[in-house]
Amino acid sequence: MNSRYLALLAAFAATTIYGINHTIAKEVMPIYIGSFGFIMLRLLGATALFWIISCFTPKEKVDKKDFIIIIIASILGMCINMLAFFRGLELSTPINSGVIITIAPVIVLILSYIFLKEKITFIKLSGIFIGFSGALFLIFNSAKTGINAPNIPVGNSLFLLNASAFAGYLVIIKPLTKKYNVFTLMKWTFLFGLILSTPLTISEFNSVEWNSLPWFAIWRMTYVVVGTTFFTYLFNTYALKTLSPITIGSFIYLQPIITIIFALATGNDSLDFTKVFACLLVFLGVYMVSKKN
């Protein structure tokens, strides 16, 4: 199997893990752990895994000037991205998160135009408008509260922030994937992310009653740390070595389907006209953005 097929497979695996995560993470928040406490658990676990495994990979020295990019990538991908998503998931619903995250590829396109000078046609601009309209429609027409969803509009707005930060992360980390191996990049980005986010996350992390956690919560937390954090960042960074940020972002289009199927199958959400119409707008928008000239 050539490198492109492996990269595509890695990107597909990452988005599948993410799609299931929307529901799994929601099932333990905020009952067993707060959203910010969950972020510290994710960063602690993934940082430890990346540093341990890096001991058995080729050693690389990172240029001092590249640490600036790594820190910015950490702020976008490990701090803002994670914090906004999990706080949003605590306030909103799994299906809403699965729909709104599909705006990320559109934002990747905009950032690629600004920083990589890629051409944007009228069709792509129209797609951007329609895609954002779908996300905004979902935000302003959702119920204000729901089962285990105390503030859906604010939660949905945080999903938009999450999508924007993730898009920025993909664009800014791409050049470094050509220069360093995956474990070198991940061990440093996660370490800086852990350090920078600790002031915001340490309080909720310390308030978790670790000794009394049921198996129901433990295996879900493990899935989020090992699957959603370690493997998805590993897979996406590996895929970025071969694929463009826009291609990686396009796999996010699958997340609403995966999220909705899993959430409905497990009884964690319901389907209504607002979600269906928002999905159609978002899919139409991202199709127009990804369509070849």
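Just so you know, glycine gets a Cβ as well, placed from its N, Cα and C.
The domain 'EamA' feature in TrEMBL is assigned to 7-139 (among others). Under DSSP, the residues of the domain 'EamA' (7-139) split into helix, strand and coil as follows: 109 helix, 0 strand, 24 coil.
Non-local neighbours of the transmembrane segment (29-55) in the same chain are 78, 82-83, 86-87, 89-90, 183-184, 186-187, 190-191, 193-194, 197-198, 200-208, 213-214, 217, 221, 224-226, 228-230, 233; each lies 6+ residues outside the stretch with a CB under 8 Å from one of its CB atoms. Taken from TrEMBL, the feature transmembrane segment applies to 29-55 (among others).
Annotation source TrEMBL lists transmembrane segment at 67-89 (among others).
Note on the transmembrane segment (95-115): residues 18-19, 22, 85, 88-89, 124, 127-128, 131-132, 134-135, 138-139, 142, 152, 155-156, 159-160, 162-164, 166-168, 170-171, 244-246, 248-250, 252-253, 255-256, 258-260, 263, 269, 271, 275, 278-279, 282-283, 285-286, 289-290 of its chain, located 6 or more positions outside it, place their CB under 8 angstroms from a CB of the stretch. Among the features that TrEMBL reports, transmembrane segment is placed at 95-115 (among others).
Taken from TrEMBL, the feature transmembrane segment covers 122-140 (among others).
Residues of the same chain lying 6 or more positions beyond the ends of the transmembrane segment (152-173) and with a Cβ under 8 Å from any Cβ of it are 69, 72-73, 76-77, 80-81, 84-85, 87-93, 96-97, 100-105, 107-108, 110-112, 115-116, 135, 138-140, 142-146, 185, 189, 236-237, 240, 245, 248-249. Marked as transmembrane segment by TrEMBL: 152-173 (among others).
Taken from TrEMBL, the feature domain 'EamA' applies to 155-290 (among others).
What TrEMBL lists as transmembrane segment is 185-202 (among others).
Taken from TrEMBL, the feature transmembrane segment covers 214-234 (among others).
The transmembrane segment feature in TrEMBL is assigned to 246-267 (among others).
Annotated transmembrane segment per TrEMBL: 273-290 (among others), in sequence order. Beyond its flanks by at least six residues, the transmembrane segment (273-290) meets 95-96, 99-100, 102-103, 105-106, 109, 123-124, 126-135, 137-138, 141-142, 246, 250, 253, 256, 260 of its own chain at Cβ-Cβ distances under 8 Å.
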Tertiary contacts of the transmembrane segment (122-140) (same chain, 6+ residues out, Cβ under 8 Å): 96, 99-100, 102-103, 106, 109-110, 153, 156-157, 159-160, 274-275, 277-291, 293
DSSP-derived helix, strand and coil totals, residue by residue, for the domain 'EamA' (155-290): 116 helix, 0 strand, 20 coil
Distant-in-sequence neighbours of the transmembrane segment (185-202), which means Cβ under 8 A and at least six residues beyond its ends: 36-37, 39-40, 43-44, 46-47, 50-51, 54, 62, 67, 70-71, 73-75, 77-79, 82-83, 173, 176-177, 233-234, 237
Distal contacts, the transmembrane segment (67-89) - CB-CB under 8 A, six or more residues away: 22, 25-26, 29, 35-36, 38-39, 42-43, 97, 101, 154-159, 161-162, 165-166, 168-169, 172-173, 175-176, 185, 188-190, 192-194, 196-197, 200-201, 233
Model confidence over the domain 'EamA' (155-290), averaged pLDDT: 88
